[in-house]
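Per TrEMBL, domain 'DYW' is recorded for 537-630. Annotated repeat 'PPR' per TrEMBL: 222-256, in sequence order.
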């Protein structure tokens, strides 16, 4: 919209330059504009054909705009061929030509036209930058920005911020923040579009505090800027802040649209706590439930909160589910270890709707539930096996310790493709569960050769390798691996966190956390739980400790301090005989916590649902877990 405004302003500046002799050409251009406004593009081309010799830059500009709407390559080439040197150098004509080639994804020709323009306007830059961003060419945007000889106006700045958002690399952060600092003295409250673009950029950089400071400058009640904040919070793993913003919008009586409810549903999906999800659903207007996107997001939310029943109810209410709805429901089954149900639903999908995502979802469901036969049947029917599909099948085989078969898939893939770090990480994860140190060393050494620049993956691989040696009781080798990791990559380990809802409040714990006001009671409860576990035969598994013990620590004290156990203890401290405890974790559950939670559910007669980074464990009061120890 702001590009159109820029264009009209430029036209107005040129109106006074027309002499009386050009009035007929001007009338022709205005007639063409009226036809364009009424979407009669073919008639514009007809007018051009009848009057091509008397066309000025305005009518040529209108004709090119009609060609853009019709995507008429032939007419553009004819017009371009017949242009005089004067018309070819006209900024309006050049900009329309540039727009056309961008639309055709002919970026080189668009850049070539740009390079021939001596006096570039902000309007031209805005059009070009928007086109480059649409074709994922944001680096070109920054290259052109570096060469700009005019000061970017608000329209152009907005698009540059969008380019920085798309890239989010170091160069983009430097340029984006530099430009933002230059305009902070301006009254940004008068330009909500520019302000929103800057906030979106900062959120994508992970600079949440800076984005919040900009948001405080907003004096309007524009829902777009609130949506940008919600999206940013969700993308930065701060979904609770989205819900707090929702409360602020209600207090300020700002009406939410369906997009904002989609963002809030996504926030609840991340949190994964049933009570929080229900609180939101109760506030969604009834008309929103006719929206398939809303319903699909609700399926995802309920699935990730562990309520497959609610997810099923919504799915069955959709008259004509699309492939996204099918995939989301299949994924919900998979996360909750209901592989057979996932396969049955997959078989209901019309063949023409099958997509890469549907294959991945159903294979992942088979992987979680150990359904290797069904996985092979589906895998062998897939016509185009992508890297992600093969990686999911490798995961399925590795979980069942079928490493030779998994390696065959990798070898076959590498005959025609570059090695995939994801496939090697997947098989290494399976080897960790198998406690096979020889094979794990072999895989990790190969990864070091193949993927020397994949820092994050090599750190994760090193952690898995060290865990294997810990599980085998070889603490010296595990410490050696840890030391090498710190030396090569630094000490960049993601801390384990757990969230739980108690009496309407979401509480976060990290390992050995003592920040909660009731910490004394929590640790007293932990001691009580530990005594009960030991009485029921639980033996704390030291192989899940990934560091050396200090002198004042025991295996029991270290493992009891895991964030999941702290969250469980708080529920028993703050609630009287809870029937259900729900916890969300950012990492995979450790084996000791898994075994302990099964017993706690049995001893305390309390169902416990734990969602880790991989799946959702339903611990039942009979002492069993829905994963059947297949995690």
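The backbone N, Cα and C atoms fix where each Cβ goes, glycine too.
Helix, strand and coil counts from DSSP across the domain 'DYW' (537-630) read 34 helix, 16 strand, 44 coil.
Helix first, then strand, then coil: DSSP counts for the repeat 'PPR' (222-256) stand at 26 helix, 0 strand, 9 coil. The average pLDDT computed over the repeat 'PPR' (222-256) stands at 93.
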